[in-house]
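Asker: Before I ask anything, here is the structure I am working with.
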């Protein structure tokens, strides 16, 4: 996973609440067995017209937002399915940071696992960032993870919260599994104590 | 010890270790796999040279991609076939118990888990599918995870989590005629909204919930995710224990009695703290359905479509109008009487034998309206077989419904069962998002009885009028 430290990039505003994971990546594109290559289908129903051509009115089809690496939306971003294809599609498109007043839980988790930083900021701050985003490449946003601030084009700094563990994992680009396996001894101890306490716990086998 | 909620008890019982920042390593008892969200996780294990820690706590089944028509022919769609064949190779390589497509036990993972006794009270259960919340009806802590977390569970049998907040939704009273668990859950989501449960685990309580059978409780917990919750729970009771008894992977004999003794400790203590409490009266809930493209857009069937002009918030007003345009509805029109093209009875929300009985009761002696395509998709091969033993298939076929094989089917439009643009569907599934059932498709979420009523009248109908 790529490290996330400081990102200075064009931001795109999608001023909608409840942007669901079907909207981010429709189910018919989930038939891949890979993590990459989904960027061309990100926001499919908004990005393409029924004949398959690009919708010229959609922000991510316009310059300079085709190069956007930051998305700003309203509440409950990523609601719906647990599909990690949603952050995979965003990442493949080039998005590294998503900013919204609130997120659906699973989507929020899935972002971290892919080096995408989700930031919760109040609605009025999102409104201001959307206004910045509308100014395009003259108004890049800077997301400084070590200092936990979003820096607006006018230099104003907006602080944000993040779990220390998740911050560490993003900054170092670390794999959760490797971290957890350092606790394998504790996992084994736990397993033997449960085996004593609940000896009836069934095992599954179709043989 | 301070009084604890049911969630707290299951959580505490599964914490391996809590890290300094408050993140816990949580032990997982059951890991359910399907073909869509597992291939990248198996590939990750393989690339890192890791083993799958506990195959005997893991089960795989194919459901999302599978056709629900004749299964004796090879799957036509090459990408779907590849995903299924990839799962078959992976379960073989990693030794995971697998229910193949042609097994009578095959079905939707969230129907199969409880049905086989794989999901039991007090367990932690995960699956790369948001509707894993369904298994909460067993009194288990069950939630959906992403594919990176699937790989994490494969490698470590644990997951990294912070504790959720506790919410209790209490429904007291007696449900009226024609009102089912689906209507209760739609009413709850309409009340608290699609982000109402964010960060919470919801425990469903009260006499109306206690009075539900296991299928009804599964319907309720299934759609907890549509209320934004991490999981839904119903405390296990005698209804649960009788459901579990005798299932293939349930404890047997003395072990069953020992298990029940433990399961009886799994309820919220008197005085346990809930961060959020919501109460509904069962008598206030009518047969309900959604009008828009978010599951919170719930109306009683007797109501009219809301008017965006009455909405003060501009962003919401714009979104409501967009929903009306997408759904082809007018503000102020009566929702009842709206013609439908397709009726879909199935999905992990409503495809159990109890759901099919409710639909059959309405369909019996009636005919599917002209021009309507009506599909019944049982949740598993075993549900299908039982329905056939009860003669429900005959009722449906006589009425003009299609009687299909088990799978996710038209719930999510990634197999051949899809809506075409502009088609309106009365659906017992769980999501009405734009394009969910196929690009341009229009979905109204409702109960099996209401769906059957729509099939036989050809329009959205108050099922009580057919009584």
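A Cβ is built for glycine as well, from the same backbone N, Cα and C atoms used for every other residue.
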Asker: Of the residues B:348, B:425, B:459, only one is listed by TrEMBL in the [4Fe-4S] cluster site with B:408, B:411. Which is it?
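Answerer: So, going by the record in TrEMBL, that would be B:348.
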Asker: Quick check: with B:348, B:408, B:411 left out, which same-chain residues have Cβ atoms within 8 Å of the centroid of the [4Fe-4S] cluster site Cβ atoms?
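Answerer: Nearby residues not in the site list: B:63, B:64, B:108, B:110, B:131, B:346, B:347, B:349, B:351, B:407, B:409, B:412, B:429, B:430.
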Asker: List the same-chain residues at least 6 positions away in sequence whose Cβ sits under 8 Å from the Cβ of residue B:411 ([4Fe-4S] cluster binding site), in sequence order, or say none.
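Answerer: Correct list: B:344, B:346, B:347, B:348, B:349, B:427, B:429, B:430, B:431, B:436, B:437.
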Asker: To which of the binding-site residues B:348, B:408 does the lowest count of other Cβ atoms within 10 Å belong?
Answerer: B:348
